[in-house]
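What follows is one structure encoded as structure tokens, with my remarks underneath.
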Amino acid sequence: MQVFAGGIGLVQHIGVLTSGGDAPGMNACVRAVVRMAIYRKVKISGIMRGYAGLLAGEMKPMDLGSVGDIIHRGGTLLRTARCKEFYESEGQERGVRRLQEAGIDGLVVIGGDGSFRGAQALMRHGISVIGIPGTIDNDIPGTDYTIGFDTAVNTVLDAINKIRDTATSHDRTNVIEVMGRRAGHIALLSGLAGGAESILVPEVPFDLDVVCARLMRGHNRGKLHSIILVAEGVGSAVELGKQIEQKTGLETRVTILGHIQRGGSPTATDRIWASQMGSRAVDLLLAGKSGLMLGVRRGELVEVDLDKAMTERHGLDQELYQLAGILSI
Ligand code: ADP
Ligand code: F6P
């Protein structure tokens, strides 16, 4: 790790914000940014409510105590928001002015791909920015992992285990809808870990008759329950549940897990990566770097070009998808 004598890099005052959907582990990441900046003797300010707070000038200087007692908490102490004005160049220019007025010359953006597009806009106006992927969806290109994904998968797994208990008692089929409007990563990983009979994701077309035939095969050989995991991007789980019951005659219940997946105390994995990414972001800014996103590739912390990453897509792990299908035969 590079060591700086303190405040001698190009950047003198770092700002940090969380934006888009919150994710467990964002707090651990903010803590790491703040504490590493203080360790390196640069000024650090928290910007509240993402780009909305930036435009409103909602910023506060952070000290060691500002981030005490948050490493284990879900949500984000900096709060978060979605901000329509920031899609327009007028809003982005106002954001740049707000940063300049506050003397902030380096920014850490923790959020999803939308937040990174906002970050790209700021970069085009000459602001130094480092992105940190924070979203439960794990749908950011350039990285295998995003902060919050591991906690969300474990939350879903806990729900699957509980639903499985009651499903077995009643000999029922349970459809469980998880988050992921455009991506099935949560459904895939929790479905594989939870032994789901079928995993339905937006990336893979499916035939409901095939899903139902698989359910009937299991039922006919004495299976006492079946779990169908559905990513929200596939469509209405309630409707799917109705169709499955009609086609198979099996008693079916539907559970939509919703925002329960976005909260809760982050897992060790999320806290550890969040801590590493947050502190690396500070060191990159102090080394005069900008336009990079931190990520994890094959278990290693990596720095990737943000512009390049934003032109790619984080596809579903097809091997894992096939494995889940084989093991739940
Ligand atoms: P996430 O970061 O979780 O993907 P959003 O897509 O809602 O969440 O994006 C968060 C915020 O980032 C938006 O409300 C908006 O302020 C900003 N943003 C998103 N896309 C763009 C864009 N194309 N240009 C500028 N800002 C954007
Ligand atoms: O992007 C994260 C996410 O949790 C998606 O999985 C979900 O579709 C969406 O945010 C829900 O967003 P909200 O309820 O905050 O508008």
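Glycine too: its Cβ is placed from the backbone N, Cα and C atoms.
Taken from TrEMBL, the feature domain 'Phosphofructokinase' covers 14-285.
In sequence order, Thr135, Asp139, Ile140, Pro141, Met310 make up the list of same-chain residues 6 or more apart from Asp113 (ATP binding site) whose Cβ falls under 8 Å from its Cβ. Following the DSSP three-state reduction, the secondary structure of Asp113 (ATP binding site) is helix. Here TrEMBL flags Gly21, Arg82, Cys83, Gly112, Asp113, Gly114, Ser115 as ATP binding site.
In this structure, Glu197 (ADP binding site) belongs to neither helix nor strand by DSSP; it is coil. The ADP binding site annotation in TrEMBL covers Arg31, Ala32, Val33, Val34, Arg35, Arg164, Gly195, Ala196, Glu197, Arg221, Lys223, Leu224, His225.
The Mg(2+) binding site annotation in TrEMBL covers Asp113.
Cβ neighbours of Arg253 (substrate binding site) (same chain, under 8 Å, six or more residues apart in sequence): Ala167, Arg172, Thr173, Asn174, Val175, Gly241. The substrate binding site feature in TrEMBL is assigned to Thr135, Ile136, Asp137, Arg172, Met179, Gly180, Arg181, Glu232, Arg253, His259, Ile260, Gln261, Arg262.
When secondary structure is read from DSSP and collapsed to three states, Asp137 (substrate binding site) falls in the coil class. Around Asp137 (substrate binding site), the same-chain residues six or more apart in sequence whose CB sits under 8 Å from its CB are Gly21, Gly112, Thr146, Phe149, Met179, Gly180, Arg181, Arg182, Ala183, His185, Ile186, listed in sequence order. Under the heading active site, proton acceptor, TrEMBL lists Asp137.
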Same chain, 6+ residues apart, C-beta under 8 Å of the C-beta of Glu197 (ADP binding site), given in sequence order: Arg214, Leu215, Gly218, Ser226, Ile227, Ile228, Ser328
Cβ under 6 Å from ligand 1: qualifying binding-site residues of Gly195, Glu197, His225: none
Around the Cβ of Arg82 (ATP binding site), the count of other Cβ atoms that are within 10 Å: 15
In sequence order, those binding-site residues of Cys83, Gly195, Arg253 whose CB lies under 6 Å from ligand 2: none
